Amino acid sequence: MTGSLKLEDVSVGYGRKPVLNHLDIGPLPPGSLVAVVGSNAVGKSTLLKAIAGLRTSSGRILLGDTDLSRLPLSGRVRLVGYLSQALPQPTSLVAYEAVTSAFRAVRGDLSTAEAERMVDEVFTALDLRNIALRRLSEMSGGQRQMVGLAQVLVRKPPLLLLDEPTSALDLRWQLNVLETVRTITRDDKVICLMAIHDINLALRFCDQLIVLGGGGLLAAGQPDVVMDAGLLRRAYGIEGRVEHCSRGFPIVLTDRAVAAPPMPQ
Amino acid sequence: MTVSRDDASSAGLALQYRRFVATRVAILIGLAVTLGLSFLADVATGTSSLAAGDILRGLVDSSTLTRSQSVILWDVRLPYALMAILVGAALGLAGAEMQTVLNNALASPFTLGVSAAAMLGASVVIVFNVLPAWLDQNYGIALGAFIFAVGSTMLIQALSRLYGATVDTVVLFGIAMVFVLNALTALIQFVANTDALQQVVFWNMGSLTRATWDKIAIVAVVLALCLPLSMTQVWAMTALRGGEDHARSFGIPVERLRLVVMLRVSLLAAVAVCFVGTIGFIGLVGPHIARLALGEDHRFYLPGSALAGALVLSLSSVASKLIIPGIILPVGIVTSLVGIPLFMGLILSQRRRA
C-alpha cells in the first residue's frame, strides 16, 4: 500500500515560460482512475511529465509519505510508470524484446523466470500474445501504442501516468485499454492519471476528472458532478450539453465553438 | 513473423521466444564459422606460394616449415589475417553502439569523423615529424592518429553537451567535423614534400600490411575490454531503441549511457583506425548486416555486428590479394569497391521483400 497522491503548490514550466502555476491536486486515493483533460497546450502532458520526474518542477508531489520530486529518477521508477505520448519507434525489435528490455534494463534484481512470468502476464492482460514475436517496424501505430503500454504496465508501478494512451487506437482497442486500466487500478489499488482527449471515454471510465486551463486547475472532482455546460465553455471554448445516456452515464454533446479557450500566460 | 493464436495460447511466451531466437543463435554460430573459414582462406592466400596443407601443418608444428615459409606464415600471413578480424570486429561493434546511442543508422566511426581525425593526426606526424626520438615512427604515426581520433569525438561530445544538443545535432557536428578535418589534411598535404606526401596518401588508403604482433595485442586487449562492458548494458541499449523518451521514462539515465558508450566506442574505433588507416565502411555495414539478420536485441545485435564487421574485413583482405595476382591492394580500397555494391544489393533486396 503506497498511499494517496497529493500535489501541493506544484509549478512547472518550459525554460522560463511557466505552463502550470501553483497547482494543488488531491489527495487521490489508491484505486483512482483519473482523467486529465483540457484544451491543447494547456499542460496535460507537462503535468504528467513533472510527476514522472522528466520535467523539473517546484512544490511537493507526495505519494503516501514519499515526496516523489525529491527522489532520483532511479528511485522514482519503482513507483511511477509513465507512458509517453510518442509511440515507440518502428525498430526491428519484436514486441517481446521491447517489453522485456524495458523491464530488465532497470530491474536487474529479478530472476529470468520471474521476469518472463511478468512479461507473459502483461501480454495476456492486453491481449497481445499473437503479436509478441512481430517486429515493431511491421506493426500499425495502434499496435505500437499497445506495446508502449505493455512496457509500462509490466513493471506494476503503484502510480500510472498515461499520456494519451488511446490516441492511435480504434474503438475496440480503446475499450480494451480502458477496461484493462480500470481493472488494474481497482484490483491492484493503483492510482492512474490519464491525459485524454476523448471526453466521453473519460466520463465513462474515470472516477475523477482534473480539468486544466489557463495555467492552472479549472475544476476537479467526480465526472458527473463537475462536468457541465459552463465548464465546457471555460475549458474548451465551446457550447455544449451534458446529457445522460440510457445507462445513466454522462455524455458530452458539442454544439459549436464560441471562443478560443484561455491560453496559459 | 507471426504466430497463430492457437500456438500462442498453448505455449508460454518465453518458450515461444526461445524457439524464435534459436534461429539467431544459429546465425551467430554460422557467422563465427564463416569467419573461421575466411580466416583460414586469408592465411592460405598471398603473393608467395605456400600450400594450404603446409600452412595447416605449420600452424600445428612450425618445424615442418622452412625458415622462409615460417617467416611468411608468422610475420606476414597470420598478423594480417588476425588484424583484419580484430579491426573489423572493433569497427563493427563501435558502429553498432554509435547507431543506437545516436538513434541514427548512418552513424559510424567514419561518418562521425573518427577516421578523418586519425588521418589528420597521422598526416601531422608524418609531415611535420613531431615525434619524440625514442619512438618508432610506425608507432608514432599510430599514436598521432589515436590522439586526434579520440580528441575529435571528445570535441563532438563537449560541443553537444555545451549546447544541450539532440542526437541529430551530434550527427551534424560529426559530419561538419569530417569536412573540416579533411580540409586540414589537404592543407597539410599541400605543404608536404614529395616523400611525406606519398606516405600520407598511402596511410590514408587503409592497409593491413602494417600489422605486427604488438599492434595486434593492443587492439585485442582493447576489444577484449570493451566487448564485455558493452554486453553489460545490452538491456538498456535495447530499451533505448524504442526512443529516448521511452527509455528515460523506464528509468534509464540516457545522457550518462550515451556519454559512457561514446567514450568507449571512440577508444575502440581510434585504436582500430590508428593502426590500419582509413577503412571506412565496416562500421556502417557490420551493424546493417547484423540488424537484417538478427534484429536489434543487443544481446545478439552487438556480437553480430562485431562478427559481421570482422567477416567483411577478412573477406576483403582475401579479395585484396586475389584481385591482382602478385599484388596486395590496400584493403581500404577493396572494402569500398567490392563491399559497397554487395551492401547496396543486400539493402535493395531487403527493401523489395519488405
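Cβ atoms here come from the backbone N, Cα and C positions, even for glycine.
Model, not experiment: these values are computed from the prediction.
These features come from TrEMBL:
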type	residues	note
TRANSMEM	B:21-41	transmembrane segment
TRANSMEM	B:78-98	transmembrane segment
TRANSMEM	B:110-135	transmembrane segment
TRANSMEM	B:141-159	transmembrane segment
TRANSMEM	B:171-192	transmembrane segment
TRANSMEM	B:216-240	transmembrane segment
TRANSMEM	B:261-285	transmembrane segment
TRANSMEM	B:322-348	transmembrane segment
Among B:21-41, B:78-98, B:171-192, B:216-240, B:261-285, stretch most in contact with the transmembrane segment (B:141-159) (C-beta, under 8 angstroms): B:261-285
Interface present between the transmembrane segment (B:110-135) and the transmembrane segment (B:171-192) (three or more C-beta pairs under 8 A): yes
Segment proximity, the transmembrane segment (B:110-135) to the transmembrane segment (B:261-285), 3 or more C-beta pairs under 8 Å: yes
Long-range neighbours of the transmembrane segment (B:21-41), counting only residues six or more past its ends (CB under 8 A): 52, 56, 81-82, 85, 293-295, 297, 300, 303-304, 307-308, 310-311, 314-315, 318
